[in-house]
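Structure below; questions to follow.
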Amino acid sequence: MKKKGLLIVLSGPSGSGKGTICKRFLEKNEKVGLSISATTRAPRDGEVDGTHYFFIDKPKFEEMIEKQELLEYVHVFDNYYGTPKKYVEDKIESGDDVILEIEIEGAMNIKASYPDAVLIFVLPPTIEELKRRICSRGTETMEQIDKRLDRSIREISEIEQYSYFIVNDDLEYSVKELEAIVLAEKNRVSRYTKQIHELYQDYENGMKEYSK
Ligand code: 5GP
């Protein structure tokens, strides 16, 4: 049975640890592809172009929008972030799963254009812990931290837009939960109804003959 890959969307507040879950999940599931976003944000210490993001300038980003090379994009925290279309579409067509680590607005755009996408929201154990994680990164100013916390709380209030949630308390357990969600989604009948009927078409026709 030919199966398309899954489009997995992982969202959650900045500092929820979704990046760490994603990294560990990818280490354990080598065939799954990670969509690398394009952004106009400056790289943080240790971030590598082409690995963490494609760091590009505003005119280049706007050119990508113009040429419809992005699956979705948003303007948040004074910067553009977007998902390059080609990688995701090619990977899914070839039958491999792809994971997108994006914020809620982008996730809603994906949900509208790819209703089959699997939307998962990562929650921090508590807001205090979230704040501690963002502050300990030491990469944002106090004003930027406040903006990120505000946005986090707004994002959490819209969690019902997602199908699944993971509370990121224990990394290994969170990864296990993510794997379980992906595995279950791969066996959802509605995803493969047509293929299942095609596979058993002759028998199903035979049954009809038999019951005449
Ligand atoms: P950060 O600046 O912390 O790397 O990312 C800020 C937010 O933008 C995070 O919630 C991150 O998941 C989200 N983000 C990263 N890439 C994309 C993207 O391509 N599209 C959308 N919609 N959000 C993204």
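If you go along the chain as it appears here, the first residue is 1 and each next one adds 1.
Even glycines carry a Cβ here, placed using N, Cα and C.
So TrEMBL says this about it:
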BINDING   GLY12, PRO13, SER14, GLY15, SER16, GLY17, LYS18, GLY19  ATP binding site
DOMAIN    5-183  domain 'Guanylate kinase-like'
Looking only at DSSP and grouping its letters into three states, which state does GLY19 (ATP binding site) belong to?
helix
For the binding-site residues GLY12, PRO13, SER14, LYS18, which sit with their CB under 6 angstroms from an atom of ligand 1?
SER14
Could you work out which of the binding-site residues (GLY12, PRO13, GLY17, GLY19) has its C-beta surrounded by the smallest number of other C-beta atoms within 10 A?
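Selected from the binding-site residues GLY12, PRO13, GLY17, GLY19 on minimum Cβ neighbours within 10 Å: GLY19.
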Same chain, not part of GLY12, PRO13, SER14, GLY15, SER16, GLY17, LYS18, GLY19: whose C-beta falls within 8 angstroms of the C-beta centre of the ATP site? Give them in sequence order.
VAL122, PRO124, LEU130, ARG133, ASN168
Once the chains shown are all counted, how many other Cβ atoms turn up within 10 Å of the Cβ of SER14 (ATP binding site)?
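Its Cβ has 22 other Cβ atoms within 10 Å.
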Let me know the DSSP-derived helix, strand or coil state of SER14 (ATP binding site), please.
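The three-state answer is coil.
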